[in-house]
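Here is the structure we will look at.
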Amino acid sequence: MATSGFWKRRSLRVPDNQRTKAAELTLRDSLYPISLVTILFFLWGFSYGLLDTLNKHFQNTLGITKTRSSGLQAAYFGAYPLASLGHAAWLLRHYGYRAVFIWGLFLYGLGALLAIPSIIHHSFAGFCVCIFIIGNGLGSLETAANPYITVCGPPKFSEIRINVAQAFNGIGTVVAPVLGSYVFFNFDDQTALRNVQWVYLAIACFVFLLAGVFFLSVIPEITDADMAFQAAETHAGADDRPFRTQYRLFHAAFAQFCYTGAQVAIAGYFINYVTETRANTDSSLGSKFLAGSQAGFAIGRFGGAAMMHFIKPRKVFGLFMTMCIVFSAPAITQRGNTGLSMLFVVMLFESICFPTIMALGMRGLGRHTKRGSGWIVAGVLGGACVPPLMGAAADARGTGFSMIVPLCFFVAAWTYALAVNFAPPYRRVVDAFSTTDVGLRERQDGDDVENEGGKGAGAEISGVGSVDHGVGEDKPEVVNSEKV
């Protein structure tokens, strides 16, 4: 019986038409699951930062052009829509968040293991295939982790929550270039390639171990019925319309495409930029500069999250997005330390844009939340499309001039920042969630279940007596189900 209870409690399938108390998690209840999922943000930050460093490393060791080296970004980010709109989205809607976490970690580890023989045989094409598998794994993790962090806890603080979690993503992007500067660029080509193999072996071991931790952990699952309840409580009203009419969602996905493309392009060619425009700068020093700019990126996320305690998140987002445009323009013509400092400031202001677009775009989706979050994550495809354009411009006119490419995409993403701040249909939904007290007040045990159900929560309500965050513990479940 104990064994049967163990497997039952760790079932990966969760009915989406049942409402649980996960829709009303307090800050204390959400602490453990958020901490566990935040580890995933560090993982793909590290992987992303490693990719930017490998971009320049393979140009040196394999003698490939800037345009061809962008194949790494194309393979990595091109996999995201396949995950967020395909296999990961299907798993999320039919099983739940935890199943997608485990699936994503499995793909990540598989790709890391397969990368080793590709590196041994100096196969850039084979390595790109492995990066594509890793991209599918990380795309799966983002498909689940970003919306999970956003909805796990009081909705009033969702932008703050996701920016703090994403700050650990920024820490990962700092660690990777620093590691690369010492492991990839300070050795001969053969030794450096061998070091890459060890890095990916260590990654594979860690993510498989983490997948086991997720399987053993019992974390709250947020269902479509839970999100319909939140939308009804805030009176956002967007949930009542068919999915195809959610124009705010599709605008957010477009902004995510443009913003991510610009961010990835700048980071991917950062080392090229500083080695070409700043005197006496080699790839190793350029990698250290990249790590420094990524540190500013991480600091910006913590700072931006702190600002959101006092200023509405949409206003902070509008300010940061505007500053990206203001400071990226001079980087096109300026050289030396001036151009370098412009990129440092741009990456500081990039910090909160991705997670805040994610959080704002999911506002008011209700029962469409899981499906809609996949569309916003699919916007990461911009990271596969924009770097090749910038690489072609860099090969033709130099990396400095090529900064005009991300500038154009920043301007396109800026349209969403303007909309959430100045267009009433956008602003009304966003602000409704910023003032709700869901998760901040204790519900009375005698609350009328039928009234809650009438607020759009779903056909059935499942009231879980407590949220168990233990790992490997088997306690009796107390579940009371009542038909509405």
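The backbone N, Cα and C atoms fix where each Cβ goes, and this holds for glycine too.
Noted in TrEMBL for the protein shown:
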COMPBIAS  470-484  compositional bias 'Basic and acidic residues'
REGION    442-484  region 'Disordered'
TRANSMEM  31-51  transmembrane segment
TRANSMEM  71-92  transmembrane segment
TRANSMEM  99-116  transmembrane segment
TRANSMEM  162-185  transmembrane segment
TRANSMEM  197-219  transmembrane segment
TRANSMEM  316-333  transmembrane segment
TRANSMEM  339-362  transmembrane segment
TRANSMEM  374-394  transmembrane segment
TRANSMEM  400-419  transmembrane segment
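Using a cut-off of 8 Å between Cβ atoms, the transmembrane segment (99-116) and the transmembrane segment (339-362) share fewer than three residue pairs, counting only pairs 6 or more apart in sequence. Most Cβ pairs within less than 8 Å of the transmembrane segment (374-394), among stretches 197-219, 316-333, 400-419, belong to 400-419. Simply put, out of 71-92, 162-185, 197-219, 316-333, 400-419, 162-185 has the most Cβ pairs sitting under 8 Å from the transmembrane segment (31-51). With a cut-off of 8 Å on Cβ pairs spaced 6 or more residues apart, the transmembrane segment (162-185) and the transmembrane segment (339-362) reach 3 or more such pairs and are scored as touching. Tertiary proximity for the transmembrane segment (339-362) is limited to same-chain residues at least six positions away from its ends with a CB under 8 Å from its CB atoms, namely 146-147, 150-151, 158-159, 162-163, 165-167, 170, 248-249, 251-253, 255-256, 259-260, 263, 266-267, 270, 273-274, 277-278, 289, 292-294, 296-301, 303-305, 313-314, 316-317, 320-321, 323-324, 327-328, 330-331, 369, 372-373, 376-377, 379, 400, 413, 416, 420, 430.
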